[in-house]
Amino acid sequence: MNNRRKIVVIGASNVGSAVANKIADFQLATEVVLIDLNEDKAWGEAKDSSHATSCIYSTNIKFHLGDYEDCKDANIIVITAGPSIRPGETPDRLKLAGTNAKIMSSVMGEIVKRTKEAMIIMITNPLDVATYVVSTQFDYPRNLILGTGTMLETYRFRRILADKYQVDPKNINGYVLGEHGNAAFVAWSTTGCAGFPIDDLDEYFHRTEKLSHEAVEQELVQVAYDVINKKGFTNTGIAMAACRFIKSVLYDEHTILPCSAVLEGEYGIKDVALSIPRMVCADGIMRSFEVHLTDDELEKMHKAAQSVRSALDGAGIK
């Protein structure tokens, strides 16, 4: 029986190395390949991770430096390559659009020479622009391309609410949708805990102060840049988000998760990639869910689409 599971991670900097190590932590692969223009960095990260496999608690995963030839027989390819926002910079991922779109074109040009069967998980920012480019420019099966999208914002949102109500964040339901970035929005109409809708939680959890939706939304957008400015980068949360998708694919879980892909008429939107709930399984994205949104939430979804389309137009991407 062949239980081989090969994952290629393109980009070995802060995010790529974190993804590789979380893959090992959760025993999601038998082989992890790191590819980077800086081969010394990729070699060092792979070697460091391989040393950890000697620990009694670790799985004997093969870590190594690779190249695009490794994509031929990969099950999953995770793309993290490209510059990101640095401490002190203007907090707008969309300003990276032109630069990273060119990088994605180069990376995908190499991948499609070797495979059109691997699941591709996008992390590179601006995430929705990168996902759109990869999905529309290379005749790669769209169901096999997803961006981590607002999965990370959803994790952050659930943590914020959990802290306010003193409950396990895994008991919080609800999505952050739209753009992975400044135009992300909380779909409050999907939010609740333990079977109670969001509007009942203050009373049920005995909060003395009414929850401010606006304050939560502001914190949700700002916290990523606070982490960047204080830590220098974000990598742990996004690595966990990527591994959630990897697990759903490898175990054919049919999990419904918010992720980025090209919209094909959902909410009356086309020709942009945005995050909405989608079912993810061994065949990639199996279906999308046009969950009911309030008029205000629907307006925010369309504003997110306009934001991403503006970035695409600015980069000359149709």
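Heads up, the Cβ atoms here are built off N, Cα and C, so glycines get one too.
Here's what Swiss-Prot has on this protein:
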type	residues	note
BINDING	13-41, N125	NAD(+) binding site
BINDING	R93, N125, R156, T234	substrate binding site
ACT_SITE	H180	active site, proton acceptor
MOD_RES	Y225	phosphotyrosine
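Feature map: Swiss-Prot annotations on the structure.
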residue	record	Cβ neighbours (10 Å)
S13	NAD(+) binding site	19
N21	NAD(+) binding site	20
V33	NAD(+) binding site	25
L37	NAD(+) binding site	11
K41	NAD(+) binding site	17
N125	substrate binding site	24
R156	substrate binding site	21
H180	active site, proton acceptor	34
Y225	phosphotyrosine	18
T234	substrate binding site	20
* Integer Å distance between the CA atoms belonging to L37 (NAD(+) binding site) and T234 (substrate binding site) -> 21
* Structure fact -> So S17 (NAD(+) binding site), by the Cβ count within 10 Å over all chains shown, scores 24
* Asked: Of A29, N125, R156, which binding-site residues come within 10 Å of the residue listed as 'active site, proton acceptor', going by C-alpha to C-alpha distance?
  -> N125
* To do: Sort out the sequence-distant neighbours of A29 (NAD(+) binding site) for me: same chain, 6+ apart, CB within less than 8 Å of its CB, listed by position.
  => R5, K6, I7, I23, I61
* Including all protein chains shown, what's the count of other C-beta atoms within 10 A of the C-beta of D25 (NAD(+) binding site)? -> 15
* To do: Using D25 (NAD(+) binding site) as the reference point, find which of the recorded positions N125, R156, Y225 has the shortest Cα-to-Cα distance to it.
  => R156
* When DSSP states are folded down to helix, strand and coil, where does V33 (NAD(+) binding site) land? -> strand
